[in-house]
Amino acid sequence: MGQNQSRDKQKAIQNQPKDTGNRADIIPDATGMGPEFCKSCWFERRSLVACNNHYLCMNCLTLLLSVSERCPICKLPLPQKLKLTSSPSAPPSPSPPPYSP
């Protein structure tokens, strides 16, 4: 009853792919792309993330990542890094506003 990991688990950790910089595409709005929906909830068409051969919305992706690292639809690893196609809409602030209690 030790605190050490089993040999199989240690090998699995060592065999995991290193961070290669691959990021999943995020589609802000898929209304003009045809029948593209989240394959988990079949409702959302915004903030879709490419997961291998299908799309997941951000809500479903967050929920699925809290349960497992594998996609229940394609059984492949879920995307954990996203590639933004457009810059954020909020301008950067040069300095934070002064603190006032």
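Just so you know, glycine gets a Cβ as well, placed from its N, Cα and C.
The region 'Disordered' annotation in Swiss-Prot covers 1-28 (among others).
Taken from Swiss-Prot, the feature compositional bias 'Basic and acidic residues' covers 1-11.
The annotation zinc finger is assigned in Swiss-Prot to 38-74 on the grounds of sequence analysis.
Positions annotated as region 'Disordered' by Swiss-Prot: 82-101 (among others).
According to Swiss-Prot, the feature motif 'PTAP/PSAP motif' maps to 88-91.
Counting residues of the motif 'PPXY motif' (96-99) by DSSP class, helix then strand then coil, yields 0 helix, 0 strand, 4 coil. Sequence annotations record features per position, and here Swiss-Prot assigns motif 'PPXY motif' to 96-99.
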Counts of helix, strand and coil residues, the region 'Disordered' (82-101), according to DSSP: 0 helix, 2 strand, 18 coil
